[in-house]
Structures are given as structure tokens and as C-alpha cells.
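Record features (TrEMBL):
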type	residues	note
COMPBIAS	1-11	compositional bias 'Basic and acidic residues'
REGION	1-24	region 'Disordered'
COMPBIAS	14-24	compositional bias 'Low complexity'
DOMAIN	29-118	domain 'Fibronectin type-III'
REGION	114-147	region 'Disordered'
COMPBIAS	135-147	compositional bias 'Low complexity'
DOMAIN	145-234	domain 'Fibronectin type-III'
REGION	223-259	region 'Disordered'
COMPBIAS	249-259	compositional bias 'Low complexity'
DOMAIN	259-313	domain 'Fibronectin type-III'
Amino acid sequence: EEPLPSEERQVEMPQTETPAPEAPPAQAVLEDLRVSSVTPSSVQLHWSVPQGSFDSFTLQYRDAQGQPQALPIDGGSRSVTVPGLSPSRRYRFHLYGLRGRKKIDHVSTEVITAAEEPEEQPLPTEEPQHEKPQTEAPTPEATPALEDLMVSSVTSSSVQLHWSVPQGSFDSFTLQYRDAQGQPQALPIDGGSRSVTVPGLSPSRRYRFHLYGLRGRKKIDHVSTEVITEEPEEQPLPTEEPQHEKPQTEAPTPEATPALEDLMVSSVTSSSVQLHWSVPEGSFDSFTLQYRDAQGQPQALPIDGGSRSVTVP
């Protein structure tokens, strides 16, 4: 499983090829690729850049089928969550720091995903799991509280959820649900987050989501909600242009109409695309990215109105 045989060579070649333009600014250095959290199906990694800066990063690894995967990451990021892994399996991750398209530096690490936890799979047993850690919590200060798991937006293939923590704080969260095939899924979420988008859902289907607040590995509190995804979108995507123009002429607002421009590709891999755009005038409440997947099914990804980029995995 020594993955991606050409990586070592690729990372050293650019170092020798780019001394002239890259030499005057401090050379960018990438260090300390470490594991923040591990579940049976995901890994969270973080790293540091003690010197210089990178335009972007790429995380490379091989999936359970041995296929190479590459995940593009924004140059300002210092952590990433890798979902869709298999339990009790060894993965080797290679993080590359890029200037433009050139690989300047890289770090690697090995991780073994957690084993399946049979006692946590049947979601009906969540209540006892919720109560046990509360009695075990050693903290004398106020117990953290988790409230108000609500739906921000729903499409035929995704759901955006948000919640509040009125008291205390959590180290991390885990969102559990069953996919369309009935398989349990667990999505790890950073302790500072208050919202998450769950992609890859099926249209017109009822999902029950369970959000757990964790201190270390102990589940302290949890909230649940039910969502039904929207019906499949039947609009043929070629008709998007007229749809875009109609609302502009119908908008009754006297103030400047918001304008959306410059949808461009930041990076492309064999399995993902990173896009960015600009809003030169006005503002939008939210965005929706529509496309058809490899099976020809329409997909819609909800995006926050303040965002100007998205990665489509």
C-alpha cells in the first residue's frame, strides 16, 4: 500500500525547478500532519505551516478499493475531514502544499480507522447512551447543553442543519443517520461549528438525524430531528439561462439588483472540482449549485450566501 509511487519524485522536482521566482519570498514549509479524530468511516487531519504560505493543498490517498483519491483544500485551511472510509483499515495520507500548480512541500501520515461499534449502530439505543456519560462527566462546572437542531435548507439531495449550545462547550460533535440503503453513517464535526450540510441524500425520503455533543469520546448530550428531502427536480438543466433572466426583470426592488459573475474553476482532480465566483453588486441570501452526476441524476448543493467558493466531491 505504498501509494502513489510518483509522489516523492513530483514533490522534489518543483523544488529544484522554481528557485528563481520563488526564492526571494520565504520558502513555504509544511509540517506536523496529525490526526485530530478517527471514526469507522472518517478521519480528521490537521497540519501547520510554520514558514511562508501556500496557494492550496492537495490530500492524496487510496480508498478501500485501492483507487487513488485527491482532495483539493484551500490554502488558508489547516485541517480537513476525509469521509467515506472503511472501518479497521490502514490508510496512508499525503498532504502536498502547492504554489500555483507546483508541489513545493509535502508531509505524510498513516491512520487506522476505528472498528465498527456494534453497540452504537442501532440508533434506537441512543437514549441510554445519552444518559450514561452525564453521570460519568467529571466536570464540576456546568454541564454543556445542546439544543434546537433545526433545518436551514432542504433540497432533493441534501439537508443543511444548525443547532445551538446555550451552556458550556463541546470538544466535537457527531451527526448520525441512516442512508437510503439503511446503512448507519457518522459525520464528525468540529466543536466550534453550529451548522453542517449533509450531501448525497435521496429525493422524497424521510431521514432522522441525531446530533451528539462530545467531550473527548463521551457523548454528553444529543438532539434529533426528522427531515423529508424534496422531490427530484425535473427542470432540464439547459433551461437555466432563461430562469436566471426572468427573475431579474421581475424583481420589484428599486435598489441595485444583485449580480453574480465569474464562475471559475480553482482546481480539478479526477473526482472533484473546486469552483469560485464573485458578487460585484448587491448580495444574495444563499446560493444553489446544480449539476447532473455520472448517472445523469440532477444534484443540488445549498451554499451559504456569504460563500464565494465550493468544492464538489
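Every residue gets a Cβ built from N, Cα and C, even glycine.
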Taking DSSP states H, G and I as helix and E and B as strand, how many residues of the domain 'Fibronectin type-III' (145-234) are helix, strand and coil? 0 helix, 58 strand, 32 coil
Quick one: DSSP breakdown of the domain 'Fibronectin type-III' (29-118) into helix, strand and coil? 1 helix, 58 strand, 31 coil
Residues in the domain 'Fibronectin type-III' (259-313) per DSSP class, helix first, strand next, coil last, are 0 helix, 37 strand, 18 coil
